[in-house]
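K.L.:
Take this structure first; my questions come after.
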Amino acid sequence: MTSDKNRVVIFDTTLRDGEQSPGATMTHDEKLEIASMLDEMGVDIIEAGFPIASEGDFAAVSEIARAAQSATICGLARANLKDIDRCWEAVKHAKSPRIHTFIGTSPLHRAIPNLTMDEMADRIHDTVTHARNLCDNVQWSPMDATRTEWEYLARVVEIAIKAGATTINIPDTVGYTAPNESAELIRRLIAEVPGAEDVIFATHCHNDLGMATANSLAAVEGGARQIECTINGLGERAGNTALEEVVMALKVRHDIIPFTTGIDATKLMAISRRVSAVSGFVVQPNKAIVGKNAFAHESGIHQDGMLKNAETFEIMRPEDVGLTETSLVMGKHSGRAALRSKLAELGYDVDGNQLADVFVRFKALADRKKEVFDDDLIALMQDEERSGEDRIKVGTLRVVCGTGGPAEAALTLTIDGDAVSAEATGDGPVDAAFNAVKTLVDHRARLQLYQVSAVTEGTDAQATVTVRMEEEGRIVSGQSADTDTVVASVRAYVNALNRLMVRREKAGTDAREISYKDVG
Ligand code: KIV
Ligand code: ZN
């Protein structure tokens, strides 16, 4: 890392705070893949998980720690020795490890472990000291800092610094603060807490009032030099500060916010798409920087202006964030080599059997759809990656629907290699098809979300369907794309069921029986 006083450290918590968002659970391999993309794009610190939460979290953090090339790998731990030891066991494999320990310091949070202010202060001293004896790089967070009494906050920050914390993170846990307050809080802590000049102050904002990015940038103006954020702003409730927003704000408005990061912004689009695909959280079309419409200019006036001079309506170029022009790629006559090179251009290296498999799916798509665009290929690849190790696979599907009577569906699935079939009726084709799946796969999951969005334009466009389901507190998402919306719906539903199976199997160890909100 640099000693430049205007360099802001980017701390990405997509795999911890982001993944904690109900339904955003990622598989082990998906976490490794995202971590490697974060590392490659220049993220300084990756918060890879919460090792005590489950065997799965522990394994993911350990493996990410071993694999990381340049990023510091951080794990989360509550304020107790067992959590901290477990965290260290996972992160110690990294070239550069960090332990992040925290406790809720506001009146509401202090009431949970039922500690007096003095008892909590002692706990902070003991746990930070313990963490520092294990690791040179220790981050400490007073959770709900922005609703903690000033005197108490200043007191516990000083204790953490004296006990050896090297980074002090000031979380706005419930997204309550406003930009001027955010800047002032950091400024005052730096000015008034003894020892503050020896540590880095971090800002960690949630977006409940839509101010997370503004609050993070204001904190930097106040003296913070680490921003905690997630890709696409993923995170519980309204999410966390979006990495792409702070990075691009610092680039585009360098004239008035003169700070730099080490992020290669041309990798933003690719990682945004990947996080959206693996988390099942679709990026809203008008989302800043990475939304589908962020660079689209549809109105006549805009188009005219854009043709004359792109800067008329564009403050950054699409290629600055890695958005290549959506181009017509191929049709049904395109060959395997052309597909392979196009996929490589889109960031997918496929060869051998995988290429053969993708080629068959591409041909089937090109038969149904005259024009195959980059976004179609990305959707196809995402489906390919999702279905890899699924226990349940969709075979054939026939639906009959129309006016006058319920829709009917006939379906075959392969479950653990055995073909099974069922018929069912329902209120429309999707309902009938889902009912058919339900007769074959025993579950009590409730559908929480069913969302359809078009991948490209035209009536032959593929539809991406996202479903989110909940069974006994376990929330899973599934996604799929197809030119046939009912087929995409059933595949998305089955994708979610496959994830539910994995969660059920690991229920003893891998369900989030421990939450970061339990004080422990
Ligand atoms: O929002 C929050 O307070 C957190 C802490 C664990 C840092 O995520
Ligand atoms: Zn948080």
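All positions are counted from 1 along the displayed chain.
Cβ from N, Cα, C; glycine included.
Note that TrEMBL annotation is computational and uncurated.
Sharing the features that TrEMBL gives for it:
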BINDING   Asp17, His204, His206, Asn240  Mn(2+) binding site
DOMAIN    8-269  domain 'Pyruvate carboxyltransferase'
REGION    393-520  region 'Regulatory domain'
K.L.:
Can you tell which of His204, His206 has the least company, meaning the fewest other C-beta atoms within 10 angstroms of its C-beta, among these binding-site residues?
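P.N.:
Looking at the binding-site residues His204, His206, the Cβ with the fewest others within 10 Å is that of His206.
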K.L.:
So, in DSSP terms, is Asp17 (Mn(2+) binding site) helix, strand, or coil?
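P.N.:
In three-state terms, Asp17 (Mn(2+) binding site) counts as helix.
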K.L.:
Does DSSP put His204 (Mn(2+) binding site) in a helix, in a strand, or in coil?
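P.N.:
DSSP assigns His204 (Mn(2+) binding site) to strand.
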K.L.:
Quick check: in three-state DSSP terms, what is Asn240 (Mn(2+) binding site)?
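P.N.:
Looking at the DSSP assignment, Asn240 (Mn(2+) binding site) belongs to a strand.
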K.L.:
If you average per-residue pLDDT over the region 'Regulatory domain' (393-520), what number do you get?
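P.N.:
Averaged over the region 'Regulatory domain' (393-520), the predicted model reaches a pLDDT of 84.
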K.L.:
Please list, for the region 'Regulatory domain' (393-520), how many residues fall into helix, strand and coil according to DSSP.
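P.N.:
Computed counts for the region 'Regulatory domain' (393-520) are 37 helix, 53 strand, 38 coil.
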K.L.:
Using the centroid of the Cβ atoms of Asp17, His204, His206, Asn240 as reference, list every other same-chain residue with Cβ within 8 Å of it (recorded Mn(2+) site), in sequence order.
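P.N.:
Those within range, site residues removed, are Thr13, Pro171, Asp172, Thr173, Cys205, Ala212, Glu228, Cys229, Thr230, Gly235, Glu236, Gly239, Thr241.
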K.L.:
Across all chains shown, how many C-beta atoms besides its own are within 10 angstroms of the C-beta of Asn240 (Mn(2+) binding site)?
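P.N.:
Taking all protein chains shown, Asn240 (Mn(2+) binding site) has 32 Cβ neighbours within 10 Å.
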K.L.:
Are there residues of the same chain, six or more positions away from Asp17 (Mn(2+) binding site), whose CB falls under 8 angstroms from its CB, and which are they?
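P.N.:
Glu47, Glu228, Thr230, Gly235, Glu236, Asn240 - these are the non-local Cβ neighbours of Asp17 (Mn(2+) binding site), listed in sequence order.
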